[in-house]
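Let me begin by presenting the structure, written as structure tokens, before commenting on it.
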């Protein structure tokens with residue numbers, strides 16, 4: 001017996017700095033690929049809860065015999081050895097050799113929190129019903145019927161070749177890239193999109209495919225989920241029609257940012273290796289093979305306008321240089337680049353893309369927001385093929401976006417006089433929630449100076465700080481505006497010592513930089529040369545950084561969806577150990593409850609309660625609710641307190657020091673102007689040359 005342990009058992013051992021000390025066994029996203037990229041795998045009952053009438057009652061428990069501890073030991077009796085033929089082990093049946101029953105599909109999908117729904121058409125029918133008490137006509141609105149589907153889930157990527165007819169080249173590329181276990185969104189979407197007849201044998205009308213909407217967490221492999229069916233559909237059509245190596249545009253992928261476009265192109269080229277397909281990103285001067293359609297109305301005013309415009313065109317010099325036409329099989333573009341090309345022809349005309357059969361909207365909720373909506377809808381309308389399949393992918397999707405998509409699909413089918421395809425929705429987990437495999441922290445900093453101090457404490461953690469696990473680089477810092485990102489970069493660029501790389505370890509990326517500068521910064525950050533990347537919401541969506549250990553929201557995001565996408569830059573593909581830190585000041589208190597609610601729901605999914613939770617219940621009760629008008633204003637403009645005023649400046653200098661620096665810079669500028677003016681005056685005072693004859 002240890003007498004010291006016995007005497008000290010009533011004391012609490014202080015673990016000062018033990019949480020923040022470097023732990024070599026601590027899991028981090030930068031440590032490597034997770035063995036299991038799946039987020040959910042719940043235990044689901046395999047039998048019915050209620051017993052049927054014909055089912056016999058369970059057998060009563062049989063009492064075990066009593067043990068006599070003082071009985072004599074029985075003598076061992078020698079038994080003759082019995083020869084037993086060893087059974088030959090039969091090969092284990094693979095998932096591809098048999099189809100699961102509907103009950104088995106339901107259990108497997110439910111264990112991974114997959115909900116697949118067949119969205120019905122919107123019906124405006126209303127039923128008039130008379131009330132007996134008030135004797136007034138009460139209108140009862142008929143709700144849309146939504147049928148839940150239970151397709152065959154994907155157990156491994158090897159099933160795509162055997163059970164769903166995936167191309168051998170694409171299957172080999174998947175093996176080469178290391179894809180083994182599918183994530184939840186891949187488990188539910190790939191069978192439906194690659195071979196819907198095999199995934200849903202009991203459903204009709206699947207010969208032309210389905211229109212698809214997927215809502216899945218960030219980092220769950222949505223890019224692979226829509227690239228594989230698009231590539232396989234093109235290869236299948238080529239083999240059926242025997243078109244050979246003829247290239248024509250058959251799939252268009254629309255993404256909101258250039259960085260996401262380049263990432264999709266890179267992943268697509270890896271999957272298309274050896275197939276002969278071309279995946280190209282659209283640029284400003286890209287010209288595609290398209291048909292010209294006259295959009296003008298037959299009116300005299302339009303004819304007069306055309307005549308006047310044609311006269312003006314005759315006066316202008318004509319450009320007879322032939323334009324080189326790009327012929328990709330899959331085009332990845334931003335909405336405005338494609339819209340600019342489609343409307344680049346003569347007035348009152350528009351180009352259309354009749355050969356496109358797959359239209360994919362990545363981050364569909366932001367593409368259908370007011371900022372991109374007109375361009376996205378015009379791109380969609382330009383795809384005039386009657387066999388067009390449309391799919392929508394995002395981690396967040398509002399009900400207004402879903403209804404808009406449903407109405408567009410219905411109106412397009414009516415205008416082209418075709419039968420609409422089945423519209424299927426896949427939801428993984430809970431809608432509009434952050435990934436459950438990362439930690440969330442809300443830190444109150446009171447002011448802008450407090451934010452800067454808190455960020456420097458994250459850069460240089462001390463052993464006495466026991467506020468949780470430390471945030472280790474590489475990590476992202478999100479700000480509200482470009483000016484704030486630039487100012488924060490100037491303030492922090494010398495905080496890393498020269499021995500560790502100095503100012504080269506910190507960079508800022510935003511839409512104000514050139515394409516080459518943005519590509520260079522992205523390349524250095526992926527290579528590990530840059531440790532801290534300060535950016536705006538331009539990197540909040542879709543961009544995959546596998547080894548990012550954390551995210552710092554220096555400014556509170558403008559919406560709950562914005563927080564979900566920002567926090568989703570870490571914890572990709574099931575990696576654990578990521579941290580999402582959010583700073584908020586006194587000016588952010590009216591809006592921060594949106595973020596707190598998302599954190600609370602995410603931690604509830606992860607099973608964190610009590611002290612483990614990043615947001616306590618008392619904080620949720622104390623924070624004010626965000627009004628609808630404030631929520632809309634915050635989403636469009638952000639926090640107005642960050643846009644102007646002395647309090648919004650990111651600087652550690654005092655007001656007196658800033659005034660002195662501004663006065664000094666003003667004096668230097670004035671001195672330069674006076675020197676230039678003096679030089680101009682001296683040039684005018686030269687020798688007089690007389691009057692010319």
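Cβ coordinates are placed from backbone N, Cα and C, and glycine is handled just like the others.
As written in Swiss-Prot, here are the features:
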type     : residues                               : note
REGION   : 1-101                                  : region 'Disordered'
COMPBIAS : 16-38                                  : compositional bias 'Polar residues'
COMPBIAS : 53-64                                  : compositional bias 'Basic and acidic residues'
COMPBIAS : 77-91                                  : compositional bias 'Low complexity'
MOTIF    : 159-187                                : motif 'Q motif'
DOMAIN   : 203-415                                : domain 'Helicase ATP-binding'
BINDING  : 216, 217, 218, 219, 220, 221, 222, 223 : ATP binding site
REGION   : 288-326                                : region 'Disordered'
COMPBIAS : 294-312                                : compositional bias 'Acidic residues'
COMPBIAS : 313-323                                : compositional bias 'Basic and acidic residues'
MOTIF    : 362-365                                : motif 'DEAD box'
DOMAIN   : 454-623                                : domain 'Helicase C-terminal'
REGION   : 631-693                                : region 'Disordered'
COMPBIAS : 681-693                                : compositional bias 'Acidic residues'
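In this model, the domain 'Helicase C-terminal' (454-623) carries an average pLDDT of 90. Counted within 10 Å of its Cβ, the other Cβ atoms near residue 223 (ATP binding site) come to 22, all protein chains included. Cβ neighbour count for residue 222 (ATP binding site) (all protein chains, 10 Å cutoff from its Cβ): 25. With DSSP classes pooled into helix, strand and coil, the tally for the motif 'DEAD box' (362-365) is 2 helix, 1 strand, 1 coil. Residue counts for the motif 'Q motif' (159-187) under DSSP (helix as H, G, I; strand as E, B; rest coil) come to 18 helix, 0 strand, 11 coil. Compared over the binding-site residues 217, 219, 221, the count of CB atoms lying within 10 A of a residue's CB peaks at 217. Counting only residues at least six positions away in the same chain, the Cβ atoms of 183, 184, 185, 222, 393, 395, 426, 427, 428, 429 sit under 8 Å from the Cβ of residue 216 (ATP binding site).
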